[in-house]
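This is the structure I want to talk about, given as structure tokens.
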Protein chains: 4
Amino acid sequence: MTVRVGVLGATGAVGQRLIQLLDPHPEFEIAALTASDASVGETYKDAAKWRVNSPIPEDVAGLEVRATDPDSVPDDVGLIFSSLPSSVGAEVEPEFCEAGYTVSSNSSNARMDEDVPLIIPEVNADHVDLLEVQRDERGWDGALLKNPNCSTITMVPPLAALDREFDLTDVRVSTLQAVSGAGYSGVTSMEIIDNAIPHIGGEEQKMESESRKLLGSFDGAEVQLNEMDVAASCNRIPTLDGHLENVWADTAEDISAADAEAAMESVTGIDLPSSPEKLITVFEEPDRPQPRLDRNVEDGMGVAVGGFRETTDGVQFNCLAHNTMRGAAGASVLNGELLNKRGYL
Amino acid sequence: MTVRVGVLGATGAVGQRLIQLLDPHPEFEIAALTASDASVGETYKDAAKWRVNSPIPEDVAGLEVRATDPDSVPDDVGLIFSSLPSSVGAEVEPEFCEAGYTVSSNSSNARMDEDVPLIIPEVNADHVDLLEVQRDERGWDGALLKNPNCSTITMVPPLAALDREFDLTDVRVSTLQAVSGAGYSGVTSMEIIDNAIPHIGGEEQKMESESRKLLGSFDGAEVQLNEMDVAASCNRIPTLDGHLENVWADTAEDISAADAEAAMESVTGIDLPSSPEKLITVFEEPDRPQPRLDRNVEDGMGVAVGGFRETTDGVQFNCLAHNTMRGAAGASVLNGELLNKRGYL
Amino acid sequence: MTVRVGVLGATGAVGQRLIQLLDPHPEFEIAALTASDASVGETYKDAAKWRVNSPIPEDVAGLEVRATDPDSVPDDVGLIFSSLPSSVGAEVEPEFCEAGYTVSSNSSNARMDEDVPLIIPEVNADHVDLLEVQRDERGWDGALLKNPNCSTITMVPPLAALDREFDLTDVRVSTLQAVSGAGYSGVTSMEIIDNAIPHIGGEEQKMESESRKLLGSFDGAEVQLNEMDVAASCNRIPTLDGHLENVWADTAEDISAADAEAAMESVTGIDLPSSPEKLITVFEEPDRPQPRLDRNVEDGMGVAVGGFRETTDGVQFNCLAHNTMRGAAGASVLNGELLNKRGYL
Amino acid sequence: MTVRVGVLGATGAVGQRLIQLLDPHPEFEIAALTASDASVGETYKDAAKWRVNSPIPEDVAGLEVRATDPDSVPDDVGLIFSSLPSSVGAEVEPEFCEAGYTVSSNSSNARMDEDVPLIIPEVNADHVDLLEVQRDERGWDGALLKNPNCSTITMVPPLAALDREFDLTDVRVSTLQAVSGAGYSGVTSMEIIDNAIPHIGGEEQKMESESRKLLGSFDGAEVQLNEMDVAASCNRIPTLDGHLENVWADTAEDISAADAEAAMESVTGIDLPSSPEKLITVFEEPDRPQPRLDRNVEDGMGVAVGGFRETTDGVQFNCLAHNTMRGAAGASVLNGELLNKRGYL
């Protein structure tokens, strides 16, 4: 049974990636697209200045753009993907949930709310049942599920592999993030050519809190945050796609570089259509992964790691993922697939 | 009294910066330039494809390039600046020292040798007297003094300010380094456009060992390395000049972000011609310093810092310096000035 | 006698360059700064996110930003520099002229109006007396003078040198323009990294018409456009500053590459404070001028040329100028100096 | 029948693209790879630092690299692809031809030799029979066929479409060329970041002469060069792949922008495996084609055009092709397919 889906914020950078992934999706069928008021009534082709590196899907190009409110979306839509600016998401997503829609959201609002599951299916799929708590507390017919920030998604799968076996105590992470992470117009060329910007507003905090929730434990009632200490330093650099991160992971158990690699190698994907066969690809060359060369590993849904070195208190390594695919649109689609599999749609 | 100086490796990227700094220098006068065999006998103008952003000094342009060996340099040269590839430096620098020349070197060879002073004058000028030990042990008439690697120089002045007051225990540093650090032809455009490279061969080790020597203590006989634990992760990014670094500094004493800033603000320059009035410039804006905007702080001889945040075990911050000025040519010139002031010439 | 001046649109990219040039100016004194309504009442420092590569002038930083209308500017202001979006300029500049202000404008509106002088002082200073016609026709107490578009300014000085001696018949010009030409936020990083854009709206037409007006003849009553045929093709590339242009200049008289170079070399500056000693700098190296290396020739107020080759019908060559200095802010200041010298203030 | 093929210079940038295209080729089978002496005896995987954006073909990875001389290549190799530096090609290619090998070469040597066919199959396939003349004159058992320079290939298909109908008289072309055109290490990052270089040694001359040969007429004995006058200006810009060109095409017959577009639209591919269905793709958006967005049109084997404007003497337009695919490796493969179809293997 195909699920009819809607996309909120369909004309933005992540919205376009969502269309690219959903158009040929085996379980989902695009039924409704929304955008800001200025575009309502236009065809999607006219409203979206399509910039993705594959042609705009023909059957989507002619769809009429709808307003971003529950009344404008057909009742038979079974799942909503949301990629709205967080201030809009904070206002609109609860309205959709109250109206009975289930929302898989990439927007940053509400990610740390106690009754909102924050999910990377390969890492903490079990947290999805926090939705039961959510429904009880909020009285919604619908439901709200979040994926983390793109920079968080890049480091958490490898951290999860380490935490499972070696018990993380402290994490330090420095990011080299691509400009697409700020949206199509988020970083001007004057800001970034021959430059780097050592700060991305709110990003450090997101990485620090979201990672502890993702690696936390869910007991059926609440998520206990992981007790590890996380400190992040986020930088924007002149790359188009792919967030590269330097990580120091201190562990309670003894660990060598080889141990860390072996832990990564042992990670497997899960049985969801968009989960890659190999969630983590280990590079042996010390100068890999690199954004331009490796961001499309596993069709953009994998995480690439390399550069393992033992430190006094643990290991250091580098990780990389495609920020608008695995880090955003692909993450939301995966969460939608999880909801479908677990019977939440 | 003006000191007549020679430059080994005068046609390279750092060599050209040395010429730019030495030509108008109040204490030094350029007397001899050497390069590799292919250029010997040419005028400097012909041998160097001059690429520095100021015109080639007229009185230097016509100098004849000499071979890089002690016999080809006039006896009245009182100080040699060396910016040779480390393999060449390892062979040639001792020959100059044996022949009686005093060498202020930027090359990476011998930096960690026990009887070779590794100096940033504003940080550990007292180590210069290790030269007495060196002369005793090696029987040289000349002497060999080193400045650290460009990425080390960027972080050590701020670390020194913290160590003095708060006692550093652990340092984690992630670098975003400019392509000029690899020399004019060191990084191809195909490697770095729309990309980043998470490894620079040997650079991590240099930062880890050199910083401990610079912040070590000299008792008149030997340098005791600082006991702090340092782990570095080095990245090349598509910027032209200016190394930006994210630092986590854990301290034995309690420290706040404001404490750290105050420690930086209190640092003063020293009485050498090339030492800036303000060694460390503190930026309050969270997204500064940035390479393109701030690499020329204090005419390229300062270190810019910003982004202070308190962490569980200390503070994190960002620092930036111009890698071919403060980080290389300017560092060697400063060390030459120190030698002059201390009567070693 | 110092002239008190105002700047309309003082917070934009060109506005900031105007401040940079006017603050230390020998003839002008900054008396009033205007910006859009959102900034009115703020200090200039707060309103302008200062991005120029020299510190914000201290005496300007504290000035209060005024509204962009004649009533908000003091009566003793003798000259207005305007760098407004053309749609705003079209509306506001005539109001200032009616109110008695003399305006030296960089905005693109009205440049081709028959009674508006379009001036590069070193090329067609005599056109300034078209202001007499303007005053008669418009009944203004003030006056409106324009400088051309940045891409036009780059090629017209060399073209003028050729036209004078060899009579231009056809010009073909292809531009490689820097992102700063579109304003600070005009080109996003997603648009231009690893890319080029072969079209800049309206720019081709500006180059084609403005160059013919600049090289036209003024008989005291009107400007006859130069009869040469001009066709332009404009490209945006990933450079920060400096417009590079490939020009084919066909001439009625026989011309060689050496003739063309000699014509350029013979050009002299004029007696205005901001006119460079050498208006045109000729490079002999075939791969010069280059934007990053040569955009600051003559402190950014010169034009660099090179790559001369004889063609079947004339010559081809390359030219380069700093688009926000010689091509915009500096051009307006020069025109202000011309107005002052000719007694129009 | 599959033809066994060899690749000379297989480890270079174009050599790797050749491997990428030949590995899955329906008519060709890779049998021998050569490189410079330093790599002889190594596996291809070790010798080539593989940098193409698809994995190294498994069956090629283990092949042993051979010396670049006829004796080291098996006799059953029926076709040689050559992508050698031109100085090496000039020496080695004739040796292969004398030894009986047929060579489809991308190297720039000998392209203008009177008895060497210079071919773009969709444009002048009939010139291939110049090989009969070549064999007569040189007494070779083998044969030497060339494809043009990458920048020439980009503009000639659209020029051919215009010349056929409207008779070209003058062509002016300005190029914006990607760094990959200079080979993997051809352009350093220090040269090109925030910069452009208005000269590529020899490139202007290649475009001017090769285009006249390609659009010349072959009467069975010799190629008469097209009489059009061509002048080129070549620039390197900071893009990775894809040469963008601004063209002015003056014609003997009257032509409008719509005429030119229609002429382009009417071009069809030809019946060779690597010839795209649509040789020329016309873009209606005035700011297209752009290198990053459009270089992969028709899997990198098409030419994209746009920006048509009528001029006084003809039309101007922009064209773009992938320089290492359609402009180099793909061009050589296409020529190999032509040789196969015409029975020259």
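Positions of Cβ are set from backbone N, Cα and C atoms, glycine also.
Owing to the predicted nature of the structure, the values given are computational and were not obtained by experimental measurement.
These came from TrEMBL, pasted as-is:
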type     : residues : note
DOMAIN   : B:4-131  : domain 'Semialdehyde dehydrogenase NAD-binding'
ACT_SITE : B:CYS150 : active site, acyl-thioester intermediate
ACT_SITE : B:HIS243 : active site, proton acceptor
Taking the Cβ of B:CYS150 (active site, acyl-thioester intermediate) as the reference point, list residues of the same chain whose Cβ is under 8 angstroms away and which are at least six residues distant in sequence.
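Listed in sequence order, they are B:GLN177, B:GLY181, B:HIS243, B:ALA321, B:ASN323, B:THR324, B:GLY327, B:ALA328, B:ALA331.
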On the 0 to 100 pLDDT scale, where does the domain 'Semialdehyde dehydrogenase NAD-binding' (B:4-131) sit on average?
96
Counting by DSSP, what is the helix, strand and coil composition of the domain 'Semialdehyde dehydrogenase NAD-binding' (B:4-131)?
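Residue counts for the domain 'Semialdehyde dehydrogenase NAD-binding' (B:4-131) by secondary structure: 48 helix, 27 strand, 53 coil.
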What three-state secondary structure does DSSP assign to the residue listed as 'active site, proton acceptor'?
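Looking at the DSSP assignment, the residue listed as 'active site, proton acceptor' belongs to a strand.
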How many other Cβ atoms are found within 10 Å of the Cβ atom of the residue listed as 'active site, proton acceptor', counting all protein chains shown?
31
